[in-house]
Structures are given as C-alpha cells and as structure tokens.
Amino acid sequence: DEQEGCASGWVPFDGRCFGFFPQELSWRRAEGFCQRLGARTHLASIHSEEEHQAIMSMLASSQPYSESEEEVADEEVWIGLHRPMGRRHWEWSDGTKMDYSSWYREGFPRRRACAALEDSTDFASWDTELCSDRKPFICEYHV
C-alpha cells in the first residue's frame, strides 16, 4: 500500500517511517516520547542526503508556525544525535553509526550536547543546542 507499512500520518523512507511531533520537549523527554510509541522507535537518525531531503520536505509541509508566531516559536527540531556525558563523540540514540553529517558550523560549544535541525537554513543543517531546550521533534521507526 501507499504508506509502505507506515502508520497513518508517518512518512515512509527506505524501510523507515518518520513522524513530526509539534509539542516542545527537551531532547531526553522527546527521545522518551518516541520510545513509548513502540518498540525500536527513537528520535530520527539521518544517514544520507536523500534521507535528509525527505525529512526537510516533511517538515516544510507540516510546520504549524505562522509568521506572526515566529518570534516566540523555537523552530529548530530535535533529531536523535547527542553527545553522551563524558564522551567525546556524537552518537545516534538508535545506536546506528554516524556515517553522514550536515553541521551548520565547525566546532562545538562544550555545553551543547544535543543536535537539532536548524530552521534558519530550512532544516538543511544541524546545530548543537542545550539538551534542556524544549523543541518539536521527529521520531522514526523501522518497518
């Protein structure tokens, strides 16, 4: 069927399903929210330019923000990339390997250990954010 096995409202890509959730949560709470949706559901991991494009177009079609709200809305969107306490390297919350990246800038402020899609570049790049910041997010599961 057309959904390729994804639940209603989720976007299929290459054997996985992506869902955008507009409620604003911290990175950890967003990951927990995704995990409660079902087995092996996590914040989204991105492994190719094509997958990134699919997520960007999903966000473009689902952004609920009107122009007037822009000042108050924190429009970056959490993905599953984080740097766990005491580790030097970035990791995806679903355990997949880091084989693609689209960082907004080089160099990472030490306190910012979670990554979000940057709305100022139409979600084409990632930036580091404080994990406690509350943002909308993308969950993903394998079909």
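Note that Cβ sites are derived from N, Cα and C of the backbone, with glycine treated the same way.
Quick caveat, the model's predicted, so the values are computed rather than measured.
Marked as disulfide bond by Swiss-Prot on the basis of similarity to another entry: C6-C17, C34-C139, C114-C131. Taken from Swiss-Prot, the feature domain 'C-type lectin' covers 13-140. Taken from Swiss-Prot, the feature phosphoserine applies to S66, S68.
Known features from Swiss-Prot, placed on the structure.
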residue: C6; record: disulfide bond; DSSP (3 states): coil
residue: C17; record: disulfide bond; DSSP (3 states): strand
residue: C34; record: disulfide bond; DSSP (3 states): helix
residue: C114; record: disulfide bond; DSSP (3 states): strand
residue: C131; record: disulfide bond; DSSP (3 states): coil
residue: C139; record: disulfide bond; DSSP (3 states): strand
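In the structure as shown, the Cβ atom of C131 (disulfide bond) sits within 10 Å of 21 other Cβ atoms.
Comparing CA positions across the disulfide-bonded residues C34, C114, C131, C139, the one lying closest to C6 (disulfide bond) turns out to be C139. Neighbour counts of Cβ atoms within 10 Å were compared across the disulfide-bonded residues C6, C17, C34, C114, C139; the minimum falls on C6.
Separation of the C-alpha atoms of C17 (disulfide bond) and C139 (disulfide bond): 8 Å, rounded to the nearest whole number. Here the CA atom of C131 (disulfide bond) lies 16 Å from the CA atom of C34 (disulfide bond). Taken as a whole, the domain 'C-type lectin' (13-140) shows an average pLDDT of 89 in this prediction.
Between the CA atoms of C114 (disulfide bond) and C139 (disulfide bond) there is a gap of 15 Å. With respect to their backbone Cα atoms, C131 (disulfide bond) and C139 (disulfide bond) stand 16 Å from each other.
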